[in-house]
Amino acid sequence: MTTRYIFVTGGVVSSLGKGIAAASLAAILEARGLNVTIMKLDPYINVDPGTMSPTQHGEVFVTEDGAETDLDLGHYERFIRTKMNRRNNFTTGRIYEEVLRKERRGDYLGATIQVIPHITNAIKEKVLAGGEGHDVAIVEIGGTVGDIESLPFLESIRQLGVELGRDRTLFMHLTLVPFLGAAGEVKTKPTQHSVKELRSIGIAPDVLICRGDRAIPANERAKISLFCNVEERAVISLKDVDSIYKIPALLRSQGLDDLVVKRFGLECREADLSEWENVIYQEANPNGEVVIGMVGKYIELPDAYKSVNEALKHAGLKNRVSVTIKYIDSQTVEAKGDEVLQGLDGILVPGGFGERGVEGKILAAKFARENKLPYFGICLGMQVALIEFARNVAGMTDAHSTEFNKETPFPVVGLITEWVDEEGNVEQRHEASDLGGTMRLGAQLCHLLEGSKAAQAYKGNSCIERHRHRYEVNNKYRERLEQAGMVFSGLSSDRKLVEMIELKDHPWFVAGQFHPEFTSTPRDGHPLFEGFIAAASAHQKRDLK
């Protein structure tokens, strides 16, 4: 199969939405029957985002094969059916690590290792490998044109443009076209300078995606076309919209997919965007609203919980309600108590690391349990629910996780002592082990207890979900917790590890050690999130009565 490559760059400012634009184009091409994948090339020196602060970088998205990747890969999976893997995201740090490892082995036969050709060749190899087996591979280059960090990636795609030829490569550049209120007009000069910068390193864009808070007038598009040496039909206006799921239709209406298909000489059907039209209709026509309290520690940056936010919205679509997320700092719960938890239709405690704010999450789980309020715990959210239950129901005073209190008399949650590395080798781990890449990661089979809420949600006796954690339920206390009324509704493939818990005599109190948000999509939703929002809606209706 001959793969075509679309390289996506960004200029003027960061955070223009390259990932959303790339995913939206991929969605249209997929709707035309093409097999599409997307890659993200990140220019930072970290090997992966696994140890980066969520308040700086946003969430870490975990793929099926256990790669810790950029949150943009979450956008990719929500827009297209293709599942991402570790080949779909790599960083400058990863490239340098692999090149230096080869140098130490002597693979370069004593050559002087340089950015060109050694680093650029390694980048090109990864891009070509990531695109194998697909009709089209869209490659997003992180950062902004002009940044020194991005230069090796830009040089690599420039070389690929020459090596593969125009019939297999296309360069798409996102840029900002701001509106100046004082002048009453949009300004094209930033775009002209951004394209000039791109051309100075040997890349001539074939398509310009012009971002702004309004549609760009025809005369300004003609001006951009003239000064940037791009066909006028390839100057695409991408205005701000109230839903990212409207963007595929917006790009389709301007013929972006036709331009791509014609450029690559592909024979394919017209795009069928009916599924996206249905999503947009559901989003615009809810029959009610529910308020979900998300109790976390990274709430100053909502992108730290990007996939959870989106999964809640998807579940709202399936239940025909709009979901309002109330972000609650778990430290505020510690300071003010349950007064900040009033007026909610459900509580969700997402994943997290570190001791800060953990007691607030435990209090949130207690409030939900005692007040019969729907509760959904994810990863750490399951662990705090179990700790709360152990302390206040099972009689294990001061029960805790050894992550937060190594001297606890009841370590109901403890460190996983074995893990499997990328090569499949089993290694022993202890408290002093490296933090990066040393977690239980990726898709795992989970057996579900017959008759449980989990089994009802999944409509079966098993599920496959993605993990990212170092700590597990301590099996020593399982029997005692079960006797107190806790239900272990999900177990690992060997039935040795607890994957899900529920509470008896509660409308909906469900928690999982895994991260179901990573597999939720706007078209399909996710059974656990759907069940949670359905329970929240039912709770609200009971309160209204």
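Cβ coordinates are placed from backbone N, Cα and C, and glycine is handled just like the others.
Straight from Swiss-Prot, the features:
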type: ACT_SITE; residues: Cys379; note: active site, nucleophile
type: ACT_SITE; residues: His515; note: active site
type: ACT_SITE; residues: Glu517; note: active site
type: BINDING; residues: Ser14, Lys187, Thr188, Lys189, Pro190, Thr191, Gln192, Lys223; note: UTP binding site
type: BINDING; residues: Ser14, Asp147, Ile148, Glu149, Lys187, Thr188, Lys189, Pro190, Thr191, Gln192, Lys223; note: CTP binding site
type: BINDING; residues: Ser15, Leu16, Gly17, Lys18, Gly19, Ile20, Asp72, Lys239, Asp240, Val241; note: ATP binding site
type: BINDING; residues: Asp72, Glu140; note: Mg(2+) binding site
type: BINDING; residues: Gly352, Leu380, Gly381, Met382, Gln383, Glu403, Arg470; note: L-glutamine binding site
type: DOMAIN; residues: 291-542; note: domain 'Glutamine amidotransferase type-1'
type: REGION; residues: 1-266; note: region 'Amidoligase domain'
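Structure with Swiss-Prot features highlighted.
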residue	record	CB count, 10 Å
Ser14	UTP binding site	11
Glu140	Mg(2+) binding site	27
Pro190	UTP binding site	15
Gln192	UTP binding site	16
Lys223	UTP binding site	18
Gly381	L-glutamine binding site	27
Met382	L-glutamine binding site	27
Gln383	L-glutamine binding site	30
His515	active site	23
Glu517	active site	29
Of the binding-site residues listed as Gly19, Asp72, Lys187, Pro190, Thr191, the one whose CA lies nearest the CA of Arg470 (L-glutamine binding site): Asp72
Lys187 (UTP binding site) CB neighbourhood, other CB atoms within 10 A: 15
Within the predicted model, mean pLDDT of the domain 'Glutamine amidotransferase type-1' (291-542): 91
Lowest local Cβ density among Asp72, Asp240, Glu403, which the record lists as binding-site residues, within 10 Å: Asp240
Secondary-structure category, per DSSP, in which Glu140 (Mg(2+) binding site) falls: strand
Cα-to-Cα gap, Cys379 (active site, nucleophile) vs His515 (active site), nearest whole Å: 7
Close in space, distant in sequence - Gly17 (ATP binding site), Cβ under 8 Å, 6 or more apart: Leu174, Arg211, Leu238
Other CB atoms, at most 10 A from the CB of Arg470 (L-glutamine binding site): 17
Fewest Cβ neighbours within 10 Å, where candidates are the recorded positions Ile148, Cys379, Leu380: Ile148
Lys189 (UTP binding site) to His515 (active site) - Cα separation in whole Å: 44
Greatest C-beta neighbour count within 10 angstroms, which of the binding-site residues Ser15, Lys189, Gly352: Gly352
Those residues of the chain, 6+ apart, with a Cβ under 8 Å from that of Thr188 (UTP binding site): Val177, Glu220, Lys223, Ile224, Phe227
Distant-in-sequence Cβ neighbours of Gly19 (ATP binding site), under 8 Å, six or more positions away: Lys40, Leu71, Asp72, His75, Tyr76, Glu140
